[in-house]
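**Student:** Just dropping this structure here.
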Amino acid sequence: MTARIGVVTFPGSLDDRDTQRAIRVAGAEPVALWHKDKDLKQVDAVVLCGGFSYGDYLRAGAIARFSPVMDTVIDQAKAGLPVLGICNGFQILTEAHLLPGGMLGNDHLHFICRDQKLRVENADTSWTSDYTAGQEIHIPLKNMDGRYVADRRTLDELEAEGRVAFRYLDMNPNGSLNDIAGITNAAGNVVGLMPHPEHAVESLIGTGRTDGLPFFTSILKKLVNA
């Protein structure tokens, strides 16, 4: 039976179709979920994609966190449902307190769009198991509010528990503390990151790299072997 991965679309989402395409390339079935849906249609995992949900009013992800679909996502994530938040999706996960910390505007106050070098720090999550710890990858990055922040106690816990999933290499593009590009929850089923793996899954388009594909093959293998 084909694994079914839901992709949530909020008003202002930009990368839902790209994410659905990445899921197909990996061999799973994408399932479109609307922000007003309360039923997740029996999906096996959920992706919150990038964009500017609700125009980023109040704060990036702050309004989307209260969409009807998020009530169900939060409940099921706490029960073990794999959830991936990409860019705006990462912001939403922090607003929903499924991941600690928060996101602020880039320290240089400019929108950035670049291919970003990352190091995989944790390859033991639902979404990263097809990588190896220490692996260096290149993933497209595009954001205005990508600066990850947290208090010192939270940062120390993330580092001590191995919950930093990805770290920026060569340069810190937005001022994120500890060069953090992505993190995971303690259980490893919820992962959020600012770069866009869905834009790096096919060699014929974009950068020509497929460094983002393991996100989607990782979750597929986990679901198939569950």
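In case you wondered, yes, glycine gets a Cβ from its N, Cα and C as well.
Swiss-Prot lists 4-226 with the feature domain 'Glutamine amidotransferase type-1'. For C87, the entry in Swiss-Prot reads active site, nucleophile, with the evidence type sequence analysis. Positions annotated as active site by Swiss-Prot, on the basis of sequence analysis: H196, E198.
In terms of burial and nearby residues, how do these features look in this structure?
**Tutor:** Non-local contacts of C87 (active site, nucleophile) by the CB criterion (under 8 A, 6+ apart in sequence, same chain) comprise D15, C49, G50, G51, K142, N143, G146, L193, M194, P195, H196.
The C-beta environment of E198 (active site), restricted to residues of the same chain at least 6 apart in sequence and closer than 8 Å, consists of D15, D18, T19, R21, A22, C49, G50, I86, G212, F216. According to its DSSP assignment, E198 (active site) is helical.
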**Student:** Across all the protein chains here, work out how many other Cβ atoms are within 10 Å of the Cβ of H196 (active site).
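**Tutor:** H196 (active site) is surrounded by 24 other Cβ atoms within 10 Å.
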